[in-house]
Amino acid sequence: MLVTPVKYGRNIVETCGVAGPVYDEPMSQQTLIAPSILAADFADLAGEIARVPGADWLHIDVMDNHFVPNLSFGLPVAEAVRRRTDTFTDVHLMIEDPERWAPEYAAFGNVTFHLEAVADVDAAVALAATLRAAGTRAGISVKPGTAVEPLLDHLADFDLVLVMSVEPGFGGQSFMPEVLEKVRALRTRIDAEGLDTFIEIDGGIGVETAAGSAAAGVDVYVAGSSVFGKDDPEAQVTAIRAAAVAAVQS
């Protein structure tokens, strides 16, 4: 059953100075839209953010040109974005050595790092615990070719699982529908255990791909070029949300 979207999840008293709701029961599937500023005009990020007032989250891709073959921006730019918005900030670290760098982003709403960038699942769980202790939500991401089965017994240790639906590193790629099998596996386990872990999808997300993603069990939709690449980004946020909500309700 679809419930009214929440922006910050449950059992988070304060995140980035923004109070979040606390729930007595596990959450149902959500529909949260997270425009990715990777597709925005870097010369006018403040103006671009102002064009999506209906966004639930803002997605901030940090790339180091080592873990992925591209370089975006680091902590100074991310901090500048955070200071310019009251919207929940969702940092996606596509970097090597996240144990070293991820804690520096603890002031953001959510910090997601890649399973492929740490030694194993135990190391991922340990880093997530460090991030949670620092006051942020902790997410884990997997590339299209990485299985989610090793994570299934550890979902309570993460606030979010990000499923990449393109190869990470560049925006504007085509959606890979085969990754929805991973989403279904995650949704089944999360619901069976009554967890409040979000499922996020990133890559090729727009009106055309939101419905299938929603039907598979996605909560959070990262949309880059399909939002900021259009004349009316806010209309695209509304359209993506409507497509996802309709699929969940059908």
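Positions of Cβ are set from backbone N, Cα and C atoms, glycine also.
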Residue from His92, His154 that TrEMBL also lists as binding divalent metal cation with His59, Asp61, Asp202: His92
Residues within 8 Å of the His59, Asp61, His92, Asp202 Cβ centre (excluding the divalent metal cation site residues themselves): Ala34, Ser36, Leu38, Ile60, Asp90, Val91, Met94, Thr112, Leu162, Val222, Gly224
Rounded inter-Cα distance in Å - Gly169 (substrate binding site), Asp61 (divalent metal cation binding site): 9
Chain-internal residues near Gly204 (substrate binding site), provided their CB is under 8 angstroms and they sit 6+ positions away: Ser165, Val166, Gln173, Ser174, Phe175, Met176
Count of other CB atoms lying within 10 Å of the CB belonging to Asp202 (substrate binding site): 26
Inter-residue C-alpha distance, Ser225 (substrate binding site) and Asp61 (divalent metal cation binding site) (nearest angstrom): 13
Close in space, distant in sequence - Asp61 (divalent metal cation binding site), Cβ under 8 Å, 6 or more apart: Ser36, Ile37, Leu38, Ser72, His92, Met94
